[in-house]
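**Q** My questions all concern the structure below.
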C-alpha cells in the first residue's frame, strides 16, 4: 500500500507516538543497562528484579502520576511547580542537585566506556598490559582477571598511572563540552536524538544476545542461596531508590517532561505506559547481562558491566567486534542518561537565568566536569560513595518532602481535583492510597538502612567516611530547603512576619495553567467544588496547553499541505464560554432551562425574570436574590 511522504510525516508527528518514542529511549538509559544489572550481580538477579518491580508498582508509579500531573497542569520545571507551596521551593533545588551529582558519576562511566571502546579498537582484547603478570620468585606467569586488569589500567591510582587519568579526563572534558550544545537550541533537537537512540539501543541488545548469548549464564539469574539477601536492608533500600531512578522521578525530569514531552497525553495512561516500559527494559537488561556472562562469580564494583564485558571476551575468546558493539550500546545508553540529567538543569537556567542563561548553564556544566574529575581521581571508592550513599539519601528526603507537601499542605482533595481536571474522569483509589503510603515506606526503609549501617561495628574499624557522608548529606538537604523557604517567606507581600509565613504555605497567584482559557475553567471548577455545586465537565482540546492543533482533529479528506493549513482554526473563546455556561446552568437550574427549552438561551436579565419569577413592587423573593446574581455576566464569582 502506497503511503505518501506527507502522511508518513504527519503520523510521525502525532503527539502520543512522539512522546512514547522518548519513553522508549529513556527506558534504555543507564538505569536498565548499567545500574540494575550491577545490583542484580550484587544481590541476585531474580530476587532483586522482583523487589524492584514491587517497588515501582507500589511507590514509583503513584509518584509518576503526581509529577506528570503537576508538570502538565502548571507547565513548570522541578522548581517552578513549588509555586503551589512556595515554602518548599528548596525541594526543587534538591532535585537539581541530584541531577548534578548523578551527572558526575555518569560522566565518568560514559568516559570510561568510550575510552575502552577506543582502546579495544586499537589493541583488541585482552589488553597487552593485562595479559601476563610476573609473580615474584616464580618463573611462571598467569593471565590476570578482568578486575585486576581494570585496576592496572584506567582505574589505577593517579599517582601510579597518571597517563590513564589524563586520557579519561580529556574524554570527560570533550563529552561534557559537546553534549550541552544539544540543549542550547530548541528542545526538538533533543527529542529527535531520543527518537533515534531508543530503537538503536534495543536492536543492538537483541542482536548481541541472540548471537553470543550463553544459555548457561541464565542459570545464574536465579540462585536459591540468594534468597537470604532478603533480610539485608541494603537490597530493599537499593531497590526502592532504583525504582525512583528508573521511573525518572528522582531528578525532576518527569515534571519537566509533563510540560514538554507529555503535554497532550492522558496522564493516567502515560504513567502506566512509562512505568511498564521501564519495567520491561530493566528485566531485559538483567537477563541480557546474565545471559552474556557464563561465570558464577560476577563483579559487583560500580563498573561491573565493563568488567563483565572484558571477562566474557577473554574467557569465551569472542571476536573483537562483539565487545565493541557492547561498548557502543553502553555509550549510547549513557548519552541518553546524560541528556535526561542535563535537561532539568538547563531548562531551569533558561526559565530563570534571563538573557544570559547560557552562561549560567555553561557554569553548571563546568561544575559537573570538576566534580567528575575529582571523583575519577578518588577512584571507585569516591564513585561508590556518591552513587550509593549521597544520591540515595537526597532522593529519600526530596521524595518524602514532595509527597507530604502536596498531600497535607496543598491538599489531597485539591490535588485529586487537579488530576481529574486534566483527565476528565474520577481518580481511582489506587493513586490516592499510593500517595498516602509512599512517604511512610520511603522513610521506613531509609531509617532501616541508615541505622543498620551506623550500628555495624565493622564499619567503624576504618575511617568513618560514609558516616560523615550520611550526616553531611542530610544536613545539606535540610539547609537547602530552609534557605529557600526563608527566601520565599521574605518575598511574600504581607505586612508582618506571621502573615508572610502563612502566605508561603498557600499557592501563589502564578500557580496553575498558563493558558488563560484553561486557567479560567480550572478556577471555575475549584469554586464549584468549594460551594458544593454540581461540577460540569470541561475537557481541554488536545494541543491547548502547547498551542498546537491535534492530528486527530484534522480531516481525513485533506490531500494537500495548503488545504491542511487552511483547515486549522483556533479554539473560539466565545464558543467555549457559551458551551460551558449552558452546561452549568442546565445542571444547576434544570427546572428553569427545561421550561424555556424552545426559547433562545439568552441570559438577558428581564427575560429570565418575566418567565420564571414573580416580582412585586415592594420586594424580590429570596430565591430571586440568590439566583439572579449568578446569571449576571458581570459577576466575577460565576464559574462559567
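Here the Cβ of each residue, glycine as well, is placed from N, Cα and C on the backbone.
So TrEMBL has the following annotated:
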type: TRANSMEM; residues: 12-34; note: transmembrane segment
type: BINDING; residues: 27, 278; note: Na(+) binding site
type: TRANSMEM; residues: 46-71; note: transmembrane segment
type: TRANSMEM; residues: 92-119; note: transmembrane segment
type: TRANSMEM; residues: 164-184; note: transmembrane segment
type: TRANSMEM; residues: 193-215; note: transmembrane segment
type: TRANSMEM; residues: 235-257; note: transmembrane segment
type: TRANSMEM; residues: 269-292; note: transmembrane segment
type: TRANSMEM; residues: 324-346; note: transmembrane segment
type: TRANSMEM; residues: 358-383; note: transmembrane segment
type: TRANSMEM; residues: 389-410; note: transmembrane segment
type: TRANSMEM; residues: 430-455; note: transmembrane segment
type: TRANSMEM; residues: 467-490; note: transmembrane segment
**Q** Does the structure show the transmembrane segment (235-257) and the transmembrane segment (430-455) touching, where I'm treating 3 or more Cβ pairs under 8 angstroms (sequence separation 6 or more) as a contact?
**A** yes
**Q** Could you check if the transmembrane segment (467-490) is in contact with the transmembrane segment (389-410), meaning 3+ Cβ pairs under 8 Å among residue pairs at least 6 apart in sequence?
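**A** Checked: the transmembrane segment (467-490) vs the transmembrane segment (389-410), in contact.
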**Q** Could you name the stretch, out of 12-34, 92-119, 269-292, 324-346, 389-410, with the greatest number of CB pairs under 8 A to the transmembrane segment (46-71)?
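**A** Per the Cβ count, the answer is 269-292.
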**Q** By Cβ distance under 8 Å, which residues at least 6 away from the ends of the transmembrane segment (324-346) in the same chain are close to it?
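**A** Result: 25-26, 28-34, 77-78, 95-96, 99-100, 102-103, 106-107, 109-110, 113-114, 116-117, 120-121, 175, 179-180, 182-184, 190, 193-194, 197-198, 200-201, 204-205, 207-208, 248, 251-253, 255-256, 292, 305-306, 309, 361, 364-365.
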**Q** Checking distant contacts: for the transmembrane segment (193-215), what same-chain residues at least six beyond its ends satisfy Cβ-Cβ under 8 A?
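**A** Hits for the transmembrane segment (193-215): 18, 21-22, 24-28, 33, 182, 284-285, 287-288, 291-294, 312, 316, 318, 322, 325-326, 328-329, 332-333, 335-336, 339.
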**Q** Contact between the transmembrane segment (358-383) and the transmembrane segment (164-184) is defined here as three or more C-beta pairs under 8 Å separated by at least 6 residues; is that satisfied?
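**A** Yes, the transmembrane segment (164-184) and the transmembrane segment (358-383) are in contact.
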**Q** Within this structure, do the transmembrane segment (12-34) and the transmembrane segment (269-292) have 3 or more Cβ pairs under 8 angstroms, counting pairs 6 or more apart in sequence?
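**A** The transmembrane segment (12-34) and the transmembrane segment (269-292): touching, yes.
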**Q** Count, for each of 12-34, 92-119, 358-383, 430-455, the Cβ pairs lying under 8 Å from the transmembrane segment (389-410), and report the range with the highest count.
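**A** Selected stretch: 430-455, with the most Cβ pairs under 8 Å.
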**Q** Would you kindly check 12-34, 358-383, 430-455 and say which stretch has the most C-beta pairs under 8 angstroms to the transmembrane segment (92-119)?
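**A** Top-ranked stretch among 12-34, 358-383, 430-455: 358-383.
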**Q** Hey, which bits of the same chain come close to the transmembrane segment (358-383), Cβ under 8 Å, at least six residues off its ends?
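**A** Result: 100-101, 103-105, 107-108, 111, 155, 157-158, 165, 168-169, 172-173, 176-177, 180, 183-184, 301-303, 342, 345-346, 349-350.
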**Q** Including all protein chains displayed, how many Cβ atoms other than that of residue 278 (Na(+) binding site) lie within 10 Å of its Cβ?
**A** 27
**Q** Given a Cβ distance threshold of under 8 angstroms, which distant residues of the chain, six or more beyond its ends, lie next to the transmembrane segment (430-455)?
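**A** Long-range Cβ neighbours of the transmembrane segment (430-455): 58-59, 61-63, 65-66, 233-234, 236-237, 240, 393, 396, 399-400, 403-404, 406-407, 412, 415-416, 419, 466-467, 470.
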